[in-house]
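> Quick one: this structure, given as C-alpha cells, is what I'll be asking you about.
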Amino acid sequence: MPIELTEKEQIWEKALAEIEMSISKPNFLTWFQNTSIAQENNDVIVINVPNTFVKEWLSNKYHKLIIQVLRGLYPSIRNVEYIICAQSVNSQRAAAPRYKNFSIGAEEQPELENIHIDRVANLNPRYTFDNFIVGSFNELAHAAAQAVTKNLGSSYNPLFIYGGTGLGKTHLLQAIGNKIRQDNPNAKVQYLTSEKFANEYVAAMQNNAIPSFKEKYRQHELLIIDDVQFFSAKFKFQEEFFHIFNALYEKNKQIIFSSDRSPKTIPELEERLRSRFEGGMLANIQPPEYEARKAILQSKAAQREFIVPEEIIEYIAHNVQSNVRELEGALQSVFAHSKLLKKIPSLLEIKDVLQENIKSRKKTTIVHLIKTVAEFYNISEKEIFEQTRKKQIVFPRQIAMYLLREDFNTSYPYIGEKFGGKDHTTVIHAYEKIVNGLKTNEKIKEDVRQIRELLYTKEV
Ligand code: ADP
Ligand code: MG
C-alpha cells in the first residue's frame, strides 16, 4: 500500500527514533544527524545525505539496519537509496531542541580529561571505540583493532598500527585495552609507551631485577606498546625486547604496537625485530580527507552538544588539514570563544580566532609543495615540469598533482596550466591514478604520508 505523501516526513522521523536506540550516540550523530527524506516512490525511500562520505557509510554499514527498521514500520517498503543534498545539512534536525546551542552560558561542559586512569593497566577510559570515528582513512586499523578484541592472541598477532602524529593511534590502542578490561576486569593488560618500557627495563637492570621484570611481562595477556619508533638505535634494548616478545608470542599472548612510520622505515632497527613487527597485521592510518574532517568536527561538536554552524565546520575542515588533534584544537578554540561571547560567533570572528591555529601550521605554498615533492624523489624542480614520459619524472608529477588537488583544493584546469598547459583530463587521470594507488599500494601510501609530514609538521 503506498504511503500518503503527508506522512513522508514522519516516516524518517520514526525510523530515526528507532535507529538512535540501536547504535551508539556518537555514531548516530555522525551518520544520521543531517539526513532527511527526499522522496518516497514506488515503495523506494530516498534519503538526503550531506556528502559522499555519509552516503558511503550509510549504504555500506547501516543499510541493513535502515531497511530493517523501515520495514518494521512500513512493511511495503522495498528499498532505500541515498542521494547527496547539500541542503540537508541545514535540515531541521540540526536544530532539533535536544541539542543545546552556543548560548549555554554559565553551564560548564564536562572536561574531556579524565582522572580515573586505571593505574595498573595504564588505561584512560576516555579512549573508547564508542567515541572513535571511523572513515576510509582509518577503517582498516579500526577493523583490525576490533578483530583483536574478539580474538585475543589469535587473529592478528602482533597488530602493528602506524601513521602520522595526531591521527588516533593512541586512542585506538587504548580503546582495545579498555574493551578487554571491560569484558574481563581481571585480564592482565598493560599499555605503555616504548620509552616507558625502555626506562623500566634500564631501572630493572640497575637494580639487578631483570628476572622479575621479564617475569612480570610474561604474565600479560595483552601488552600494548605505543610509539615503537623510539626503539630506533637502542640495540641492546631491542635484543632484550626481542626475547620478551618471543616469550609472549609463543604463549599466544596478544601484542600490539604503534609507530609513526612503518616498520620498514624505522631506522636502526634490528632486522629480526623488524620482521617480528611485520609478522602479524600491519595497518596504516592516513590523514583524514576533507569529508572525513567535516564528519569528525560534526561528531566532536555533537558529542559536546554544541551546534556549530555549517560554514564554520567547513572553514575549519578546509584549513586544518593535518590531523585529528589539530581539528580538536580548532574546535576547542571555537567553543572557548563562544562561551566567552555567549553567542554563536560569526565566520568572520572565527577566522580571527583560528588565525593562530592555522598560522601555527607551516604556511605551505604551492611552490613549497613542488620543491618538497621534487626533493623527496631526488629530482630537480625543473624536471618535474618537463614534457617527458620518463617514469621517474611522471610519478612524482602525479603525486604533486594529487596533493595540489587534495590538500590545496586547486582546480584541475589550474593544475594543468601550472604543469605546462596540460589538459585538465590529464590532471584528473593523474589524480585518480594516485587515489587508486593509495588503496592498493603500500609504497604510494607511505610516500604520500611522508611528503605530507615534511609539508605540514616539520618546522620551517
Ligand atoms: P596519535 O597517537 O596518533 O598521535 P591520538 O590517539 O593521541 O593520536 O589522537 C589525537 C586526538 O585526536 C585525541 O584526542 C583522540 O581522541 C582524537 N582522535 C584521533 N582519531 C580519532 C577518531 N578517529 N575519532 C575520534 N577522535 C579521534
Ligand atoms: Mg600517540
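Every residue, even glycine, has its Cβ placed from backbone N, Cα and C.
All TrEMBL annotations are machine predictions without curation.
Pasting the feature list from TrEMBL:
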type    : residues                       : note
BINDING : Gly166, Gly168, Lys169, Thr170 : ATP binding site
DOMAIN  : 155-287                        : domain 'AAA+ ATPase'
DOMAIN  : 365-434                        : domain 'Chromosomal replication initiator DnaA C-terminal'
REGION  : 1-91                           : region 'Domain I, interacts with DnaA modulators'
REGION  : 122-338                        : region 'Domain III, AAA+ region'
REGION  : 339-460                        : region 'Domain IV, binds dsDNA'
> Taking the recorded ATP site as Gly166, Gly168, Lys169, Thr170, identify the other residues of that chain whose CB atom sits within 8 Å of the mean position of the site's CB atoms, giving them in sequence order.
Gly163, Thr165, Leu167, His171, Leu172, Ser258, Ile285, Asn323, Val324, Arg325
> Within the set Gly166, Gly168, Lys169, which binding-site residues show a CB-to-ligand 2 distance under 6 A?
Lys169
> Could you say which of the binding-site residues Gly166, Gly168 has its Cβ with the most other Cβ atoms inside 10 Å?
Gly168
> Mean pLDDT, the domain 'AAA+ ATPase' (155-287)?
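Summing pLDDT over the domain 'AAA+ ATPase' (155-287) and dividing by its length gives 92.
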> What is the number of other Cβ atoms found within 10 Å of the Cβ of Thr170 (ATP binding site)?
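I get 19 for this one.
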> Over all shown protein chains, what is the count of other CB atoms within 10 A of the CB belonging to Lys169 (ATP binding site)?
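If we count other Cβ atoms within 10 Å of Lys169 (ATP binding site), we arrive at 23.
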